[in-house]
Amino acid sequence: MWQLLPSTALLLVASARPQAADLPKAVVVSDPPGNRVLTLDSVTFTCQGANPSGNHSTRWLHNGTLISSQTSYFIRAASVENSGEYRCQTGLSELSDPVQLEVHVGWLLLQTPQRVFQEGEPIRLRCHSWKNKPVWNVQYFQNRRGKKFSYGNSEFYIPAARSEHNGSYFCRGLIGKRNESSEAVDIIIQGPPVPSTSALLPFWPHIPFAVVMALLFAVDTGLYFAMQRHLHNSKRAWENSKVSWKQDP
């Protein structure tokens, strides 16, 4: 009984710890940021994830097909065939979430690091030209209404996203004597995240085991004190019978 109590307590402590076998997911980082480029643009994907000592190999997948084992994956001149889903994995990480690459054909492309923003986040839109040709008289539009004009090619910056920034955006500018427009991109602004119990989800697999251990601990403790009372009562009964025997003539 004395040995059972400490072992149960140790099991309770161990059950609260995350499993050491769970590996973090690798993360794909793209340069330039976002997932929209024009043909002949260069793109670099970097895989963030731990590797065993002395082993720096990385698995790169394009649409599910293994394409490289280098630390990073470089596309020198993008083509439409490079569009698709990219994932990576290192020696001490799980396969990353997919990152989409869209390779577009055109003179201008509206680039954004993401299409869904939370309220309060900054928004940066860039009017990118094919082969980085100079662009003049750049205009940015939201829902076909002009929002910004510049003689040079400067970005459209919104310090804090609000609901009125939802909409369809595109840019227009002069490349030489050509008046070109980009395709439209839908920008979505979401409200602030609602607090929830999702942070507890990683620990749900451990909760049933912890509950069982707690019940065992309670039962063991109850048995221990019940045994102590039983021994104490037995000892008192034995002492009383001994005293009564000495008083006989």
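Heads up, residue numbers simply count up from 1 along the chain you see.
Glycine is no exception: its Cβ is also placed from the backbone N, Cα and C atoms.
Swiss-Prot lists 1-16 with the feature signal peptide.
Marked as topological domain 'Extracellular' by Swiss-Prot on the basis of a curator's inference: 17-198.
Per Swiss-Prot, domain 'Ig-like C2-type 1' is recorded for 24-104, and the stated evidence type is sequence analysis.
In sequence order, A26, V27, V28, V29, T58, W60, T71, S72, Y73, C88, Q89, T90, S96 make up the list of same-chain residues 6 or more apart from C47 (disulfide bond) whose Cβ falls under 8 Å from its Cβ. Under the heading disulfide bond, Swiss-Prot lists C47-C88 (among others), citing sequence analysis as support.
For N55 (N-linked glycosylation site), the number of other Cβ atoms no farther than 10 Å from its own Cβ, over all displayed protein chains, is 10. Positions annotated as N-linked glycosylation site by Swiss-Prot, on the basis of sequence analysis: N55 (among others).
What Swiss-Prot records for N63 (among others) is N-linked glycosylation site. Following the DSSP three-state reduction, the secondary structure of N63 (N-linked glycosylation site) is coil.
Annotated domain 'Ig-like C2-type 2' per Swiss-Prot: 119-172, in sequence order.
What Swiss-Prot lists as disulfide bond is C127-C171 (among others). Annotation note: C171 (disulfide bond) sits in a strand segment as assigned by DSSP.
When secondary structure is read from DSSP and collapsed to three states, N166 (N-linked glycosylation site) falls in the coil class. All chains included, 15 other C-beta atoms sit within 10 angstroms of the C-beta of N166 (N-linked glycosylation site). Feature annotation from Swiss-Prot assigns N-linked glycosylation site to N166 (among others); the stated evidence is sequence analysis.
Listed in sequence order, R172, G173 are the same-chain residues six or more apart from N179 (N-linked glycosylation site) with CB atoms under 8 A from its CB. In the three-state DSSP classification, N179 (N-linked glycosylation site) falls within a strand. Residues annotated as N-linked glycosylation site in Swiss-Prot: N179 (among others).
If you look up Swiss-Prot, you'll see D220 marked as site 'Important for receptor turnover'.
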N55 (N-linked glycosylation site): which of the recorded positions C127, N166, C171 is the nearest Cα neighbour? C127
Of the recorded positions listed as C127, N166, C171, the one whose CA lies nearest the CA of N63 (N-linked glycosylation site): C127
Average the pLDDT scores across the domain 'Ig-like C2-type 2' (119-172) and report the rounded value. 97
N166 (N-linked glycosylation site) to C127 (disulfide bond) - Cα separation in whole Å: 18
